[in-house]
Amino acid sequence: MFFLINKLVMNFDAPSPWGIYFQDSATPQMEGLNELHDNIMYYLVVILFAVGWILLSIVINYVSTKSPISHKYLNHGTLIELIWTITPAVILILIAFPSFKLLYLMDEVSDPSMSVLAEGHQWYWSYQYPDFLDSNDQFIEFDSYIVPESDLDEGGLRMLEVDNRVVLPELTHVRFIITAGDVIHSFAAPALGIKCDAYPGRLNQVSVFINREGVFYGQCSEICGILHSSMPIVIESVSLEKFLIWLKEQ
Amino acid sequence: MASAAVAPAFKPITGMLRRGLILDLSIGLGLGFVFGNAFWYGYHMPRVNARDAYYRKLEEARAARQGN
(Lines of atoms letter the chains of each structure in order from A and count residues from 1; the text may use other names and numbers.)
(Lines give C-alpha, C1' and ligand atoms only; values in the text may rest on other atoms or scores of the structure.)
Protein backbone atom coordinates (compact mmCIF):
# COMPACT_ATOMS: atom_id res chain seq x y z
CA MET A 1 0.00 0.00 0.00
CA PHE A 2 2.78 2.41 0.90
CA PHE A 3 4.50 1.61 -2.38
CA LEU A 4 1.27 2.58 -4.15
CA ILE A 5 0.99 5.79 -2.13
CA ASN A 6 4.62 6.60 -2.95
CA LYS A 7 3.84 6.20 -6.62
CA LEU A 8 0.64 8.23 -6.45
CA VAL A 9 1.87 11.18 -4.44
CA MET A 10 3.57 14.15 -6.02
CA ASN A 11 7.25 13.64 -6.54
CA PHE A 12 7.95 16.65 -8.75
CA ASP A 13 8.57 20.35 -8.25
CA ALA A 14 5.06 21.09 -9.47
CA PRO A 15 1.59 19.95 -8.42
CA SER A 16 0.55 16.62 -9.92
CA PRO A 17 -2.99 15.31 -10.46
CA TRP A 18 -4.41 13.72 -7.31
CA GLY A 19 -1.25 14.55 -5.40
CA ILE A 20 -1.82 14.13 -1.66
CA TYR A 21 1.58 14.86 -0.17
CA PHE A 22 4.21 17.59 -0.35
CA GLN A 23 6.34 18.25 -3.36
CA ASP A 24 9.99 17.25 -3.03
CA SER A 25 11.65 19.84 -0.87
CA ALA A 26 14.44 22.02 -2.22
CA THR A 27 15.23 24.29 0.74
CA PRO A 28 16.10 23.72 4.40
CA GLN A 29 12.79 25.40 5.38
CA MET A 30 10.79 22.86 3.42
CA GLU A 31 12.85 20.00 4.84
CA GLY A 32 11.91 21.30 8.29
CA LEU A 33 8.24 21.55 7.36
CA ASN A 34 8.26 17.99 6.00
CA GLU A 35 9.92 16.68 9.14
CA LEU A 36 7.48 18.53 11.42
CA HIS A 37 4.51 17.29 9.39
CA ASP A 38 5.65 13.67 9.51
CA ASN A 39 6.43 13.84 13.22
CA ILE A 40 2.99 15.23 13.99
CA MET A 41 1.39 12.76 11.59
CA TYR A 42 2.88 9.86 13.58
CA TYR A 43 1.14 11.02 16.76
CA LEU A 44 -2.05 11.82 14.84
CA VAL A 45 -2.21 8.24 13.58
CA VAL A 46 -1.79 6.95 17.15
CA ILE A 47 -4.55 9.28 18.41
CA LEU A 48 -6.81 8.43 15.47
CA PHE A 49 -6.69 4.73 16.19
CA ALA A 50 -6.95 5.10 19.98
CA VAL A 51 -9.98 7.39 19.76
CA GLY A 52 -11.51 5.39 16.90
CA TRP A 53 -11.23 2.12 18.77
CA ILE A 54 -12.68 3.49 22.00
CA LEU A 55 -15.55 5.10 20.09
CA LEU A 56 -16.25 1.81 18.36
CA SER A 57 -16.07 -0.06 21.65
CA ILE A 58 -18.50 2.35 23.32
CA VAL A 59 -20.96 2.16 20.45
CA ILE A 60 -20.88 -1.64 20.52
CA ASN A 61 -20.88 -2.20 24.30
CA TYR A 62 -23.20 0.56 25.43
CA VAL A 63 -25.90 0.38 22.79
CA SER A 64 -29.29 0.64 24.54
CA THR A 65 -30.44 -2.83 23.48
CA LYS A 66 -27.35 -4.43 25.02
CA SER A 67 -26.99 -2.23 28.13
CA PRO A 68 -30.46 -0.83 28.82
CA ILE A 69 -29.48 0.93 32.04
CA SER A 70 -25.95 2.01 31.22
CA HIS A 71 -26.98 5.67 31.41
CA LYS A 72 -27.81 5.16 35.07
CA TYR A 73 -24.19 4.63 36.07
CA LEU A 74 -22.21 6.14 33.22
CA ASN A 75 -23.30 9.73 33.16
CA HIS A 76 -20.48 11.37 35.07
CA GLY A 77 -16.84 10.70 35.88
CA THR A 78 -14.59 13.48 37.17
CA LEU A 79 -11.38 11.52 36.75
CA ILE A 80 -12.00 10.51 33.14
CA GLU A 81 -13.11 14.04 32.27
CA LEU A 82 -9.87 15.38 33.73
CA ILE A 83 -7.89 12.82 31.74
CA TRP A 84 -9.55 13.59 28.42
CA THR A 85 -9.16 17.32 28.94
CA ILE A 86 -5.57 17.43 30.15
CA THR A 87 -4.13 14.82 27.77
CA PRO A 88 -5.06 16.68 24.54
CA ALA A 89 -3.79 19.92 26.08
CA VAL A 90 -0.42 18.32 26.81
CA ILE A 91 -0.29 16.86 23.28
CA LEU A 92 -1.07 20.28 21.78
CA ILE A 93 1.70 21.89 23.83
CA LEU A 94 4.15 19.19 22.70
CA ILE A 95 3.19 19.91 19.08
CA ALA A 96 3.35 23.69 19.56
CA PHE A 97 6.97 23.81 20.73
CA PRO A 98 8.65 22.37 17.59
CA SER A 99 6.12 24.25 15.47
CA PHE A 100 7.05 27.65 16.95
CA LYS A 101 10.74 26.79 16.80
CA LEU A 102 10.46 26.12 13.07
CA LEU A 103 8.29 29.19 12.52
CA TYR A 104 10.86 31.52 14.07
CA LEU A 105 13.73 29.76 12.27
CA MET A 106 11.95 30.28 8.95
CA ASP A 107 11.38 33.93 9.79
CA GLU A 108 15.12 34.60 10.01
CA VAL A 109 16.61 36.34 6.99
CA SER A 110 20.23 35.30 7.14
CA ASP A 111 22.64 37.73 5.44
CA PRO A 112 21.36 37.44 1.85
CA SER A 113 23.81 37.46 -1.06
CA MET A 114 21.17 38.94 -3.35
CA SER A 115 17.63 40.21 -3.26
CA VAL A 116 14.72 39.87 -5.64
CA LEU A 117 11.72 42.16 -5.50
CA ALA A 118 8.46 40.39 -6.41
CA GLU A 119 5.44 42.59 -7.00
CA GLY A 120 1.98 41.14 -7.49
CA HIS A 121 -0.44 42.72 -9.94
CA GLN A 122 -3.85 41.80 -11.29
CA TRP A 123 -2.90 39.33 -12.80
CA TYR A 124 0.81 38.86 -13.25
CA TRP A 125 4.00 39.14 -11.24
CA SER A 126 6.76 41.60 -11.93
CA TYR A 127 10.29 41.01 -10.67
CA GLN A 128 13.27 43.25 -10.08
CA TYR A 129 16.86 42.31 -9.29
CA PRO A 130 18.08 45.42 -7.44
CA ASP A 131 21.64 44.06 -7.10
CA PHE A 132 22.26 43.84 -10.84
CA LEU A 133 22.12 46.29 -13.74
CA ASP A 134 21.29 45.48 -17.33
CA SER A 135 23.04 46.79 -20.45
CA ASN A 136 21.17 50.13 -20.09
CA ASP A 137 22.38 50.57 -16.52
CA GLN A 138 18.88 49.91 -15.24
CA PHE A 139 17.91 47.36 -12.62
CA ILE A 140 17.07 44.05 -14.22
CA GLU A 141 13.30 43.83 -14.20
CA PHE A 142 10.63 42.02 -16.11
CA ASP A 143 6.99 41.00 -15.98
CA SER A 144 5.97 37.37 -15.76
CA TYR A 145 2.68 36.39 -17.39
CA ILE A 146 1.00 33.02 -17.63
CA VAL A 147 1.44 31.10 -20.88
CA PRO A 148 -2.07 30.34 -22.13
CA GLU A 149 -2.95 26.74 -22.88
CA SER A 150 -3.05 27.40 -26.62
CA ASP A 151 0.60 28.54 -26.57
CA LEU A 152 2.01 25.80 -24.34
CA ASP A 153 5.01 23.85 -25.57
CA GLU A 154 4.79 20.07 -25.46
CA GLY A 155 5.13 18.95 -21.83
CA GLY A 156 4.39 22.44 -20.55
CA LEU A 157 2.28 22.57 -17.42
CA ARG A 158 -1.20 23.99 -17.87
CA MET A 159 -1.95 27.10 -15.78
CA LEU A 160 1.59 26.99 -14.36
CA GLU A 161 3.99 28.07 -17.10
CA VAL A 162 5.06 31.69 -17.44
CA ASP A 163 6.79 33.62 -20.20
CA ASN A 164 9.62 34.89 -17.95
CA ARG A 165 10.92 32.77 -15.09
CA VAL A 166 12.69 34.04 -12.02
CA VAL A 167 16.22 32.71 -12.35
CA LEU A 168 18.22 32.19 -9.17
CA PRO A 169 21.57 30.60 -8.36
CA GLU A 170 21.51 27.42 -6.29
CA LEU A 171 23.28 27.28 -2.91
CA THR A 172 22.93 31.03 -2.43
CA HIS A 173 21.08 32.96 0.25
CA VAL A 174 18.42 34.91 -1.60
CA ARG A 175 15.97 37.35 -0.08
CA PHE A 176 12.60 37.89 -1.70
CA ILE A 177 11.07 41.26 -0.99
CA ILE A 178 7.38 40.92 -1.67
CA THR A 179 4.80 43.58 -2.31
CA ALA A 180 1.76 44.27 -4.47
CA GLY A 181 0.67 47.03 -6.78
CA ASP A 182 -3.08 46.83 -6.47
CA VAL A 183 -4.76 44.26 -4.21
CA ILE A 184 -3.46 41.61 -1.81
CA HIS A 185 -1.68 38.70 -3.49
CA SER A 186 0.44 35.91 -2.04
CA PHE A 187 3.79 34.72 -3.32
CA ALA A 188 4.09 30.96 -2.85
CA ALA A 189 6.33 28.15 -4.05
CA PRO A 190 5.58 24.89 -2.18
CA ALA A 191 8.82 23.05 -2.98
CA LEU A 192 10.77 26.00 -1.57
CA GLY A 193 8.59 26.24 1.54
CA ILE A 194 7.70 29.88 0.95
CA LYS A 195 4.34 31.56 1.14
CA CYS A 196 4.20 35.25 1.86
CA ASP A 197 1.36 37.73 1.46
CA ALA A 198 1.98 40.63 -0.90
CA TYR A 199 0.34 43.84 0.36
CA PRO A 200 0.13 47.12 -1.51
CA GLY A 201 2.31 49.70 0.24
CA ARG A 202 4.10 47.20 2.41
CA LEU A 203 7.31 45.18 1.99
CA ASN A 204 7.43 41.63 3.30
CA GLN A 205 10.48 39.45 3.07
CA VAL A 206 11.31 35.75 2.97
CA SER A 207 14.63 34.03 2.69
CA VAL A 208 15.43 31.02 0.52
CA PHE A 209 18.48 28.87 0.09
CA ILE A 210 17.85 26.47 -2.77
CA ASN A 211 19.71 23.18 -2.39
CA ARG A 212 19.61 22.03 -5.98
CA GLU A 213 18.92 22.97 -9.57
CA GLY A 214 15.33 22.70 -10.71
CA VAL A 215 12.20 24.49 -11.86
CA PHE A 216 9.81 25.22 -9.03
CA TYR A 217 6.20 26.10 -9.64
CA GLY A 218 3.88 28.08 -7.42
CA GLN A 219 0.71 30.09 -7.66
CA CYS A 220 -0.79 33.21 -6.18
CA SER A 221 -2.25 32.03 -2.89
CA GLU A 222 -4.56 34.88 -1.95
CA ILE A 223 -7.81 35.32 -3.83
CA CYS A 224 -7.07 38.49 -5.81
CA GLY A 225 -9.74 38.72 -8.45
CA ILE A 226 -11.23 36.91 -11.40
CA LEU A 227 -7.89 35.76 -12.85
CA HIS A 228 -6.34 34.84 -9.49
CA SER A 229 -5.64 31.36 -10.85
CA SER A 230 -3.82 32.81 -13.84
CA MET A 231 -0.79 34.37 -12.23
CA PRO A 232 1.59 31.48 -11.55
CA ILE A 233 5.11 31.76 -10.21
CA VAL A 234 8.03 29.89 -11.74
CA ILE A 235 11.43 29.94 -10.11
CA GLU A 236 14.31 28.33 -11.94
CA SER A 237 17.32 27.42 -9.86
CA VAL A 238 20.55 27.07 -11.83
CA SER A 239 24.24 26.74 -11.08
CA LEU A 240 26.15 29.95 -10.38
CA GLU A 241 27.89 29.76 -13.79
CA LYS A 242 24.56 29.49 -15.62
CA PHE A 243 23.15 32.30 -13.50
CA LEU A 244 26.03 34.59 -14.47
CA ILE A 245 25.44 33.73 -18.15
CA TRP A 246 21.74 34.56 -17.69
CA LEU A 247 22.65 37.86 -16.03
CA LYS A 248 24.92 38.74 -18.94
CA GLU A 249 22.08 38.15 -21.38
CA GLN A 250 19.84 40.71 -19.68
CA MET B 1 -38.23 -0.10 62.45
CA ALA B 2 -34.76 -0.45 60.97
CA SER B 3 -34.25 -3.49 58.84
CA ALA B 4 -31.01 -5.41 58.91
CA ALA B 5 -28.80 -5.26 55.83
CA VAL B 6 -29.34 -8.29 53.66
CA ALA B 7 -26.26 -9.84 52.13
CA PRO B 8 -26.60 -10.11 48.35
CA ALA B 9 -27.09 -13.54 46.91
CA PHE B 10 -24.07 -13.10 44.68
CA LYS B 11 -21.00 -10.90 44.62
CA PRO B 12 -21.67 -7.49 43.05
CA ILE B 13 -20.20 -7.07 39.57
CA THR B 14 -17.67 -4.23 39.93
CA GLY B 15 -14.56 -3.08 38.13
CA MET B 16 -15.95 -3.87 34.66
CA LEU B 17 -15.57 -0.27 33.47
CA ARG B 18 -11.95 0.00 34.57
CA ARG B 19 -11.10 -3.41 33.09
CA GLY B 20 -12.85 -2.50 29.83
CA LEU B 21 -11.13 0.87 29.69
CA ILE B 22 -7.68 -0.61 30.20
CA LEU B 23 -8.36 -3.26 27.54
CA ASP B 24 -9.76 -0.70 25.07
CA LEU B 25 -6.92 1.76 25.63
CA SER B 26 -4.37 -1.03 25.20
CA ILE B 27 -5.95 -2.19 21.95
CA GLY B 28 -6.49 1.37 20.66
CA LEU B 29 -3.00 2.60 21.48
CA GLY B 30 -1.51 -0.71 20.31
CA LEU B 31 -3.24 -0.35 16.93
CA GLY B 32 -2.21 3.30 16.82
CA PHE B 33 1.45 2.57 17.43
CA VAL B 34 1.38 -0.27 14.87
CA PHE B 35 -0.05 1.99 12.15
CA GLY B 36 2.04 4.98 13.28
CA ASN B 37 5.18 2.88 12.93
CA ALA B 38 3.95 1.57 9.60
CA PHE B 39 3.67 5.20 8.42
CA TRP B 40 7.04 6.11 9.87
CA TYR B 41 9.06 3.15 8.66
CA GLY B 42 7.01 2.33 5.57
CA TYR B 43 6.60 5.85 4.21
CA HIS B 44 8.61 8.53 6.01
CA MET B 45 11.96 6.75 6.32
CA PRO B 46 12.12 5.53 2.69
CA ARG B 47 11.44 9.12 1.55
CA VAL B 48 14.13 10.49 3.87
CA ASN B 49 16.60 7.82 2.71
CA ALA B 50 15.82 8.52 -0.94
CA ARG B 51 16.31 12.26 -0.34
CA ASP B 52 19.61 11.70 1.46
CA ALA B 53 20.83 9.38 -1.29
CA TYR B 54 19.89 12.00 -3.90
CA TYR B 55 21.81 14.78 -2.15
CA ARG B 56 24.78 12.48 -1.53
CA LYS B 57 24.90 11.71 -5.25
CA LEU B 58 24.52 15.40 -6.05
CA GLU B 59 27.40 16.31 -3.76
CA GLU B 60 29.59 13.65 -5.38
CA ALA B 61 28.72 14.97 -8.83
CA ARG B 62 29.53 18.54 -7.72
CA ALA B 63 32.83 17.43 -6.21
CA ALA B 64 33.71 15.51 -9.38
CA ARG B 65 32.88 18.60 -11.48
CA GLN B 66 35.16 20.75 -9.39
CA GLY B 67 37.91 18.12 -9.63
CA ASN B 68 38.11 17.49 -5.89
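A Cβ is built for glycine as well, from the same backbone N, Cα and C atoms used for every other residue.
As annotated by Swiss-Prot, topological domain 'Mitochondrial intermembrane' applies to A:1-39, A:105-250. What Swiss-Prot lists as transmembrane segment is A:40-60, A:82-104, and the listing cites sequence analysis. Feature annotation from Swiss-Prot assigns topological domain 'Mitochondrial matrix' to A:61-81. According to Swiss-Prot, the Cu cation A1 binding site annotation covers A:His185, A:Cys220, A:Cys224, A:Met231, on the basis of similarity to another entry. Residues or ranges marked as Cu cation A2 binding site by Swiss-Prot: A:Cys220, A:Glu222, A:Cys224, A:His228. Here Swiss-Prot flags A:Glu222 as Mg(2+) binding site.
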Would you mind reading off the Cα separation of A:His185 (Cu cation A1 binding site) from A:Glu222 (Cu cation A2 binding site), to the nearest angstrom? 5
Work out the three-state DSSP category of A:His185 (Cu cation A1 binding site). strand
For A:Glu222 (Cu cation A2 binding site), the nonlocal same-chain Cβ neighbours (under 8 Å, six or more residues apart) come out as A:Ile184, A:His185, A:Ser186, A:Asp197, A:Ala198, A:His228
Apart from the site residues A:His185, A:Cys220, A:Cys224, A:Met231, the 8 Å Cβ neighbourhood of the Cu cation A1 centroid comprises A:Gly120, A:His121, A:Gln122, A:Trp123, A:Trp125, A:Ala180, A:Ser186, A:Ala198, A:Gln219, A:Ser221, A:Glu222, A:Gly225, A:His228
Non-local residues, at least 6 beyond the ends, that sit with Cβ under 8 Å of the transmembrane segment (A:40-60): 66, 91, 95
Cβ-Cβ distance under 8 Å, sequence separation of 6 or more, same chain as A:Met231 (Cu cation A1 binding site); the residues meeting this, in order, are A:Gly120, A:His121, A:Trp123, A:Tyr124, A:Trp125, A:Ile146, A:His185, A:Gln219, A:Cys220, A:Cys224
Determine, from DSSP, whether A:His228 (Cu cation A2 binding site) sits in helix, strand or coil. helix
With DSSP as the yardstick, break the topological domain 'Mitochondrial intermembrane' (A:105-250) down into helix, strand and coil residue counts. 22 helix, 68 strand, 56 coil
Densest Cβ environment (other Cβ within 10 Å) across the binding-site residues A:His185, A:His228 belongs to A:His185
For each of A:Cys220, A:Cys224, count the other CB atoms within 10 A of its CB; which of these binding-site residues has the top count? A:Cys220
In this predicted model, what is the average pLDDT of the topological domain 'Mitochondrial matrix' (A:61-81)? 76
